[in-house]
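Taking it in order: structure first as C-alpha cells, then the write-up.
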Amino acid sequence: MSNKVELSKTNKKTFWRWYFFGQAGWNYEKMQGLGYYYSVYPLIKQIYGKTDVAAEAAINELQFFNTNNSMAPIILGVDSAIQEKQGIAAKDTVAGLKTGMMGPFAGIGDTLFAVIPNTIIGSIASYMALKGNPIGLILWIAYGFLRLGIMRSFFGMGYREGVKLIDSLGNRLKKITSAANILGLTVIGALIPSVITAVFAYKYKQGGVKISLQDMADQIMPGLAPALVVLLAYWLLGRKKMNSTRVTLILIVVGILAYNLKIFA
Amino acid sequence: MTIQWWQILLITLYSGFAIYDGNNTTFGTVKPTMAGFVAGLIMGDVQTGLIVGGTLNLLVLGVGNFGGSSMPDYMTGALLGTAFAVLSGKGAEFGATLAVPIGLLMIQLDVLARFCNTFLQHHAEKLVSEGKLKSATHMNLYGIIPTSLSRMLPVFLALVFGSQFVQDVVNNLPMWLMNGLKTAGGILPALGIAILLRYLPLKKNFAFLLVGFFLAAFLKVPVIGAAMIGLAMALIAFGMDNQKSAQPAAADTDDEGDMEDE
C-alpha cells in the first residue's frame with residue numbers, strides 16, 4: 001500500500017451506504033442484491049449518468065449477491081475500481097468477480113467477523129452479566145468500532161489492489177482465523193463450568209453416613225455435571241433430524257425431569 | 001407492578017433499532033446481554049435484565065444468521081423476558097426461561113419480514129427497467145420497515161396485552177413446573193456451547209478446550225483470565241504459523257475454495 005490512491009467522494013459514499021444499509025433490503029430472492037445496488041448507485045450515476053447503459057449497469061448490480069457483511073467492502077472496492085476504468089465493458093467481469101468472491105469471503109468472514117467475536121465477547125459479557133456486572137457490554141461497542149475500521153480499510157485495499165489482493169488476503173485471514181479459534185475454544189472450555197448451573201441433588205443418608213452425589217462428583221472432577229450436559233447437547237445436535245430448536249425443547253424437558261426426579265437441584 | 005406507557009414505548013423502539021443495528025452497523029444492541037441490560041434500565045431493575053440477557057446470550061453464543069438463515073431471536077426474548085420478570089416479580093431465571101419460547105416463535109416473524117422484502121426487490125427491478133434508477137435505491141431502505149416491524153409489533157402487543165396473561169399463567173403454574181423450569185434455565189447455556197463446538201474446528205483444537213475447562217473448573221480462574229491465556233496461546237500459534245509459511249515461499253498458490261477453516 002505504498003502508492004496511496006485517494007478514494008473519491010463517490011467511493012466513500014459507496015462504502016458508507018454499504019456500512020449503514022447494506023443488508024437493509026435483505027430478501028430471499030436476491031439476498032443482499034438490493035443493498036449492493038443501493039451502495040454502488042453513486043458510482044453508476046457518476047460513470048453512466050443518464051446514458052442508456054446506466055440501466056444495464058444497474059440491473060447487473062441488482063443481481064443475487066450474498067457474502068459476509070464485513071467482507072463485502074473488498075468486493076465493492078474492486079468493483080468500483082474496475083468500472084471506473086473500463087465502464088460497461090467490464091459488465092461481465094464485474095458479475096463474475098462478485099459471484100466468484102462472495103462464496104469464499106462468506107465462509108471466512110462469518111467465522112472471523114461473526115462466530116469468533118460473538119463467542120469471545122459473548123462469553124465474557126454473559127459471564128459478567130450473570131454476576132450482575134454490565135461492564136462487559138462495552139466490548140460489543142468497541143468491537144463495533146474495530147469492525148468499522150477494518151471494513152474501511154478493506155474497501156481501500158480492494159479499490160487499490162484489485163483482484164490480485166484476494167489470494168494473499170485470504171491466506172492471511174485464514175491464519176488469523178485458525179489462531180482465533182484457539183482463543184475461542186479456550187474461552188468455551190472455561191465457560192462450561194462457569195455459566196452452566198447443574199448441581200447434583202441426590203443425597204444418601206443411612207445411619208450416621210451421609211453421602212452427597214455432588215460432593216462425590218467434585219472429587220472426580222469439578223464441573224462434571226455441566227460437562228455432561230454439554231456432552232448431551234453436543235451429541236443430540238449430531239443426531240439426524242435434530243436442530244437447535246428441538247434440542248432447546250429437549251433440554252427444557254430434561255431440566256424439568258431432572259429437577260423432579262431429584263437428579264439436579 | 002404495572003407497566004407504564006413510556007416503558008412500552010422505549011422497549012418497542014429499542015427492538016426496532018436493535019434489529020437494524022444487528023443487520024447493518026453491529027454495535028451489539030441486538031445481543032441479548034445488551035437488550036436485557038437496556039430493558040432492565042427501562043424497567044428499573046438492571047440486575048434482572050443482566051441475568052436474563054446473560055442467560056439468553058449464552059444460548060446463541062457464536063450463532064449468526066449466516067446466508068440468511070433465521071435464528072432464535074433472543075434480543076426480543078431478552079426484552080420481553082426482562083419486562084415480564086420484573087412485572088411478575090418471579091425473578092430472572094423465570095424471565096429467561098419464558099424468553100426461550102418467545103425467541104423461538106420470533107423465527108417465523110423473521111422469515112416473514114425477509115419474505116416481504118422480496119416484493120421490494122421485484123419492485124426495484126421493475127423501476128430500474130423503467131429507467132428510474134434512483135427510486136429503485138429507495139426500495140433497499142424500505143426494507144427496514146418490515147424488518148423492524150417484525151420485532152416492534154410483537155413487542156408492543158406483548159407488553160400491552162401480555163402482562164396480565166403472563167401474570168395469570170404464573171399464578172396457575174404448579175410449583176414442580178416452576179422449579180423445573182428454573183433448573184432448565186440453568187442448563188440451557190449448554191446448548192449454545194454445544195452449537196459452537198459443532199461449528200468450530202474441535203478436533204484440531206481439543207487440547208485448548210481442555211485447558212480452558214481446567215483453568216475454570218479446577219483453578220477457578222474467571223472467564224476473562226482464561227481468555228488471556230487463550231490469547232497468549234493464539235499468539236504463539238500465529239507466530240509459529242507465520243514462521244512455517246515464511247520458509248517455503250509461495251508454495252501454496254491455489255487453495256481457494258476451501259477458505260473455510262475445516
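The backbone N, Cα and C atoms fix where each Cβ goes, and this holds for glycine too.
Beyond the ends of the transmembrane segment (A:111-129), by six or more residues, the same chain brings 68-71, 135-137, 139-140, 143, 147, 150, 173, 176-177, 180-181, 183-184, 187-188, 190-191, 194-195 to within a C-beta distance below 8 angstroms of the stretch. According to TrEMBL, the transmembrane segment annotation covers A:111-129 (among others).
The transmembrane segment annotation in TrEMBL covers A:135-155 (among others). Beyond the transmembrane segment (A:135-155), the same-chain residues lying 6 or more positions past its ends with a Cβ under 8 Å from any Cβ of the stretch are 7, 11, 14-15, 19, 70-71, 73-74, 76-77, 113, 117, 121, 124-129.
Using a Cβ-Cβ cut-off under 8 Å and counting only residues 6 or more beyond its ends in the same chain, the transmembrane segment (A:176-200) has close neighbours at 108, 111-112, 115-116, 119-120, 123-124, 126-127, 130, 212-214, 217, 222-223, 225-230, 263-265. Among the features that TrEMBL reports, transmembrane segment is placed at A:176-200 (among others).
Positions annotated as transmembrane segment by TrEMBL: A:220-237 (among others).
Feature annotation from TrEMBL assigns transmembrane segment to A:244-261 (among others).
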